[in-house]
């Protein structure tokens, strides 16, 4: 079996307890343990980028990390990945700030990373590249003569052609993506949007079985909805409560708890969510004094104006809601702008009556799946989920809502708060079955297996691809 090489913007080093706590690290480490291999990525440190790679080994897995200098980090990470690709891929062209220097820096860093990885690649290695920071990475490796199998998984949404093609370097990015052998997406709509974007730029040939050719390059596409480890979530949720959390649970025994947690980001729909909760209190006064909504939203990218604006909106809305509806002994909304331990959050999920997950756009949203997995199957809570989260394609037994429609969200919350036990159990059971079937281990195993079934590119096919590249005819 060939060795697996995983490349991501950040890596979870074996000695970093925080980074290895869960999420993507669980799936990647499972794949690496199965095949043996290397995890390559940025150390998270800004410093001397000329230092040798920091390499660590544990069993059959090695980690290799590098530093970025301040200019590269700013142009590649801040200005292009997060100020151009992130907002555009989340349908927020109004927040895109394109600068030619940042685009050049993005390409420069991808080329530099290819140079750093090249000496570590063995002839039979299978490469798996992750997310929007590394869209051109396969193209840079191909330029350096790498013909290994290279797969790519996009964790965030892929926007419609009307959005994607508004990006100045859209054609270059699409052609670079075609240098991957396998491109994986969270949903079928993401996969379709990618192919439609190509078809608007050049001839797209359907080779059958979700395999295509464009710009003389053949590639496969597939949908791989990322999952979680439900057993790990259940273990963490069922454990004993810390004293402060036990006290809080006791205080809430006569109040139904609506709970949400995600980082502070404009894609998560937090201002719209606060307005929907305000509508619930206005239209359904029977819940006054009997419910509490807790929103945890730790700051991310706090130096960016768009994120500062959201924080101000939330603080203003929370004050208004509590001022208008609060009573002595009852605060309807708790807004916490701080980080909490992930294992602790699983316990909070378990005693929350409603999980409110309403992003405006999200590739998958694992919080929705974690909430379901954390529930007591004999007395589960209800998930209220945005139709624009990738998870809505799988968790169809949730209460699916349009996050832009505050009345619809408020009505769903009212329904969730009064849902009979039998219906709650049936909905939870159906969602948990899906989560177990498409867990994080199945996700990585499917992707790696599909990638390894693709024949590696030969030098001849690479040259043919160059010869076959023609401009699109008008």
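Note: Cβ is positioned from N, Cα and C throughout, glycine not excepted.
Pulled from Swiss-Prot:
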type: BINDING; residues: 10, 77, 131, 301; note: D-glucose 6-phosphate binding site
type: BINDING; residues: 22, 23, 263, 268, 340, 366, 367, 368, 369, 370; note: UDP-alpha-D-glucose binding site
type: SITE; residues: 86; note: site 'Involved in alpha anomer selectivity'
type: SITE; residues: 156; note: site 'Involved in alpha anomer selectivity'
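The candidate set comprises the binding-site residues 77, 340. Of these, 77 has the most other Cβ atoms within 10 Å. The Cβ of residue 156 (site 'Involved in alpha anomer selectivity') lies under 8 Å from the Cβ of 86, 89, 90, 131, 132, 186, 362, 363, each of these being in the same chain and 6 or more residues away along the sequence. With residue 301 (D-glucose 6-phosphate binding site) as the anchor, the candidate binding-site residues are 263, 340, 369, and the one with the nearest CA is 263. The D-glucose 6-phosphate-binding residues named in the record, 10, 77, 131, 301, extend over a maximum Cα to Cα distance of 18 Å. Residue density at residue 10 (D-glucose 6-phosphate binding site): 18 other Cβ atoms are found within 10 A of its Cβ, drawing on all protein chains shown. Rounded to a whole number, the C-alpha distance linking residue 340 (UDP-alpha-D-glucose binding site) with residue 10 (D-glucose 6-phosphate binding site) is 21 angstrom.
In the three-state DSSP reading, residue 10 (D-glucose 6-phosphate binding site) counts as strand.
Under DSSP, residue 86 (site 'Involved in alpha anomer selectivity') is assigned to a helix (H, G or I) in the three-state scheme. The closest partner of residue 77 (D-glucose 6-phosphate binding site) among the binding-site residues, by CA position, is 263; the full candidate set was 263, 367, 369. Between the C-alpha atoms of residue 263 (UDP-alpha-D-glucose binding site) and residue 10 (D-glucose 6-phosphate binding site), the distance comes to 17 Å.
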